[in-house]
Structures are given as C-alpha cells and as structure tokens.
Ligand code: SAH
Ligand code: SF4
Ligand code: F3S
C-alpha cells in the first residue's frame, strides 16, 4: 500500500489540483462535537472535499452546533447571518457556497433553522452523520434537506475511518466516542433530547479504532460519552463489559501511554472503574465528575438521583484507590428554587472536595426541559452574584493546585510547538499545558519535567 502524501507543513496534498471542493468546519460545544467534526471531515474527504481554514473560499460551510445553554444556540444564528453575506458574495462571482448546520441545535430545532435562516441548505442531526454525503448531493441539487430522524442503522458502522495522514495531522492526543446519548434526564438538560437514548459501541469497534490511532502515533486517547461511565458494550465473547474492563483492555495497546474518559455521572462509578484508577498507571489521575449543586433539595429537583453526601463518599473511595487523583466538576448556579442557603451548600461542597479545575454556569432555561417549567426562577442579578462567588472560590482552588506543583517533577506529553519561538507545549497528567524549551523533547515524547513556575491555568517547566 502506498503511504498517503503529506506536504512539508503537514497539510494534506490536494488529490487533484483545482478540482477538490473545499469545506470549512466550525465546531461549538463539547469534546463529542470535536470528535464528530473529525468524523464528518473524514466522510467528506471520502466524498472529495478538502478542509480549508478560510471560510470565504469554502464550497461548503458546516457549523457543528451546541444547544446546551441559550447563548450557545444563539451564537449559531449570528454566525449564520455573517455566512449568508459571504454566500451572497460568492454567488455574485458565480461560485456556490452550501451552508450546513449539524450538531445539537440541528437536532433540537430541525426545519425551524431554515425558517429563521433561509440561506441554510442542510440541517443534519448527530445520529445521521453517515448520511452526510447523500444529503449533500440532494442539497447541491437545490433541495433544502433536513435529516434529524434517529437512524436505525449504527452510524459508526457506516462512517469512514480517518486516513492515516489525517490522524497524524490531528496530533498525538485523540478523542474516541464510546458511548452516546443519555437516559438520565436531569431536569435542566437538553442532551437526552438532542443526542437520544444511551448507545454503547462494542469492544471490538473501540479497540480497532484505538489500535488504528496508536499505530498512527497517537499517545493519549480520551474516551468520550455524555455518560461515559454508563458505557456497557458487548465484549468479544458476547458478554457485557463495563468501562473499567474496557480501560484494562485498552491499556494493553502498544504505544497508548495515556488514557482518560469524560464525562462521568456520580451514579455510574462502579468498583471496577475505581479499581482501574488504582491499578492502571496509564489511566491519568484526573477525574471530571460533575455534581452541579451541593444542596440535596436542588439535586432532587435536578433529578440527579444522589445526595451531596453520596458524592463526597464516592470521592473518598476514589481517593483511597488513587490518592493523587485531581478532581474536576461542573456546577450550575440559580436553578429554579435555589435559595441563598442552597447556594451556600454548593460552596460548602466545593470546599470539602477541593477541585483542581471546574466549570460553572448560570442556569439557562432550555425549551422542552422540565426545569424551564418550574416555579421559582432566580433573578439574573442573583445568578450573576452567585456565579462570581463560586468562580472566585474555584479559581482559588485551581491556583492552589497549580502552586502545589511548583518544584515537583511530572510526566509531560509533548504535544505541539509553543506560541513563542523556542518553546514547546506539553500536557500534564491533569490536562494543564506545560511550557518547555523546545530542546526538552520531540512531539509525542513523554518527558520528566520539573515545574518552575505557574501561568494562567498553565505550568512552566524545565527538563528534569
Ligand atoms: N453529561 C455531562 C455534561 C453535560 S453538559 C454530565 O452529566 O454532567 C455539560 C455541563 O453543562 C453540565 O454538566 C452542566 O453543568 C451544564 N449545563 C447543562 N445544562 C445546562 C443549563 N440548562 N444551564 C446551565 N448549564 C447547563
Ligand atoms: Fe445532561 Fe444529566 Fe445526561 Fe449529563 S447526565 S447529559 S447533565 S441529562
Ligand atoms: Fe452541546 Fe450537544 Fe455537547 S448540546 S455540550 S454539543 S452534546
């Protein structure tokens, strides 16, 4: 087999000069959308498209969208306004520009998108990405296409694998979706409606994909799922495996030195997964385990199905198995009915856990979710004030975590050239960028680095 051509700067060589159509993909939202954008690009590459980073020259602009909060969804419409003008400009020069909307806004709003933004040619939901080339064919024929049915077939059986050159271009870390959808129905969340019910990929599919990534030089794989620790896939012998067992299997793949998974739900952390944290050196000591709130009353109203004490006990068990594990979480302030006292419970929980990193948001009512219909919506000014206080506390904890690393030696995976000449950027076991002298190692190396100083959410280091 002939190796695929790679040009000097790492960009792929066009297959036939001038002939290839160009696609510009813009990704919003979570890591799963990043993964999906890559898989859509793979499907489009098989259809003759090459990627461009210049929107003006694109024959196809594809927005992969997020519906999680109102702001995220509205961003898409303002972007569509700008793209409409570019499309009109290209049309004046006799060139076509198709506009596609994919992702969670596509799934949630469907045809409504074309009503609000008539320049859009194609709306495609996350469960039907394997039909993208067919949908584009129709769109090129002048049809407005809306593909938001949940496909009966498994899209992963039909989506083409990335070419080796594309994997290499994407770097030494990669995402791999193992589970999609959510059956939890937290009352604030749109995901069960945009991503459908939980589906787990099989062990065989996942192992084959991970092996291909490793063979192309990927050193770190992050397993993705909306509820990744609820993954339960069919094993090679037909029995059902859990995520812990899968991690043990993936740890055997030569070259894969680092494993991660995200996002987890506190209700699905089983003993085998905790044992994986205890026994697998390649499973990074970092866990994103959202709790959302610290008040049992609010947790109940959110339908989280656990208490604050359950969460704290769970973290104790995880820390007993892996004492150096760093915790990360997600928080929502101002859920309907949240009182000052409820909010203080959240602050208390944060103090008890001591997070290395966290994400926090003001509650945003989403159409069709039970939360939006609840009484006791919290005033915006109160949400603002609570968010500020929570973020001040979380920042304090994050800075203390970074400061605690100064003087220690940590393993760093070198990922890419730094922004400044002579520098190279690695990644710590806890996901912070680590800035080193470029002589410290080559991309893909895992080197020992002594932390000399902290930056904003980053670390400076020298080769130990
Ligand atoms: N599946 C993951 C995360 C889903 S979305 C989980 O179960 O935790 C990522 C984060 O966005 C959530 O953890 C939550 O903190 C936040 N989020 C979701 N819906 C929201 C809403 N309506 N308003 C504000 N934040 C929200
Ligand atoms: Fe949303 Fe809850 Fe499902 Fe996470 S577990 S995706 S927050 S419904
Ligand atoms: Fe957003 Fe959909 Fe991810 S709503 S957070 S892109 S699952």
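Just so you know, glycine gets a Cβ as well, placed from its N, Cα and C.
As recorded in TrEMBL:
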DOMAIN    21-141  domain 'MTTase N-terminal'
BINDING   30, 66, 104  [4Fe-4S] cluster 1 binding site
DOMAIN    168-400  domain 'Radical SAM core'
BINDING   182, 186, 189  [4Fe-4S] cluster 2 binding site
DOMAIN    403-464  domain 'TRAM'
Study note, to complete from the structure: Of the binding-site residues 182, 186, 189, the one whose Cα sits nearest to the Cα of residue 66 ([4Fe-4S] cluster 1 binding site) is 189
Check your understanding: Near residue 186 ([4Fe-4S] cluster 2 binding site), which residues of its chain come within a Cβ-Cβ distance under 8 Å, counting only those 6 or more away in sequence?
Key -> 292, 302, 303, 304
Point to revise | pLDDT averaged over every residue in the domain 'Radical SAM core' (168-400) | key: 97
Exercise for review: Identify which of the following binding-site residues, namely 66, 104, 189, place a Cβ less than 6 Å away from any atom of ligand 1, and list them by sequence position.
Suggested key: 189
Revision key, fill the gap. Candidates 30, 182, 189 (binding-site residues) with CB under 6 Å from ligand 2, in sequence order, are 182, 189
Check your understanding: Should we count any of the binding-site residues 182, 186, 189 as near ligand 3, judged by a CB under 6 A from one of its atoms, and which?
Key -> none
Review point. Hey, how far is residue 30 ([4Fe-4S] cluster 1 binding site) from residue 189 ([4Fe-4S] cluster 2 binding site), Cα to Cα, in Å?
Key: 14
Study note, to complete from the structure: Cα-Cα, residue 189 ([4Fe-4S] cluster 2 binding site) versus residue 104 ([4Fe-4S] cluster 1 binding site), nearest Å, comes out at 12
Study note, to complete from the structure: Within the same chain, the residues at least 6 apart in sequence whose Cβ is under 8 angstroms from that of residue 104 ([4Fe-4S] cluster 1 binding site) are 29, 33, 65, 66, 67, 68, 126, 190, 191, 194, 195
Revision key, fill the gap. Not counting 182, 186, 189, residues with a CB within 8 A of the CB centroid of the [4Fe-4S] cluster 2 site are 184, 185, 188, 190, 191, 192, 226
Study note, to complete from the structure: Surrounding the recorded [4Fe-4S] cluster 1 site, with Cβ no more than 8 Å from the Cβ centroid of 30, 66, 104 and those residues left out, we find 28, 29, 32, 33, 65, 67, 68, 72, 103, 191, 194
Revision key, fill the gap. Cβ atoms other than its own within 10 Å of the Cβ of residue 66 ([4Fe-4S] cluster 1 binding site), all chains, total 22
